[in-house]
Amino acid sequence: MLRLTRASIRRISTKELTTARIKDISKPDENNLQQQAPNRISPWSKSQKPRAEAQDNVRFAVKDLAKQPRPYAAIDLIYKQPIRYIEHDNVAVCDGNGGAQGHPKVYINLDQNKAIPCGYCGLRFAQAAFKEDIESSQN
């Protein structure tokens with residue numbers, strides 16, 4: 001029998017996901033190896049360690065950090081994606097654009113008067129009836 005407790009279930013607040021803002025952005029600085037990513041100064045997730053702490057480990061003892069990959073943070077790219085408005089239903093279906101690169105299919109309830117992000121990929125969905133309210137609150 002499967003027993004679930006509150007401690008074993010991690011819930012992601014949709015408020016946290018929808019309030020993700022483009023912050024802590026700096027110009028790409030290839031010389032500053034302590035930045036989280038070339039376009040982010042600090043971590044963007046509660047479970048993420050700062051780069052300086054994450055690389056203070058035996059695995060990085062003899063590594064040249066200048067040669068380690070430093071990809072741009074995808075959180076900014078996802079935030080720039082337009083909101084997908086659903087015309088005829090109050091449930092959106094997201095599968096990460098399908099294919100082998102996608103994620104499991106999830107159903108997102110769109111009853112709220114705001115854009116709701118997918119918990120896997122961060123794409124935002126909303127009802128077309130709320131389009132004016134959402135766009136006026138973003139400006």
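Each residue, glycine too, has its Cβ placed from N, Cα and C.
Copied from TrEMBL, the annotated features are:
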- 26-53: region 'Disordered' (REGION)
- 31-47: compositional bias 'Polar residues' (COMPBIAS)
- 90-125: domain 'Zinc finger CHCC-type' (DOMAIN)
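Averaged over the domain 'Zinc finger CHCC-type' (90-125), the predicted model has a pLDDT of 89. Counting residues per DSSP class in helix, strand and coil order gives 0 helix, 12 strand, 24 coil for the domain 'Zinc finger CHCC-type' (90-125).
Residue counts for the compositional bias 'Polar residues' (31-47) under DSSP (helix as H, G, I; strand as E, B; rest coil) come to 0 helix, 2 strand, 15 coil.
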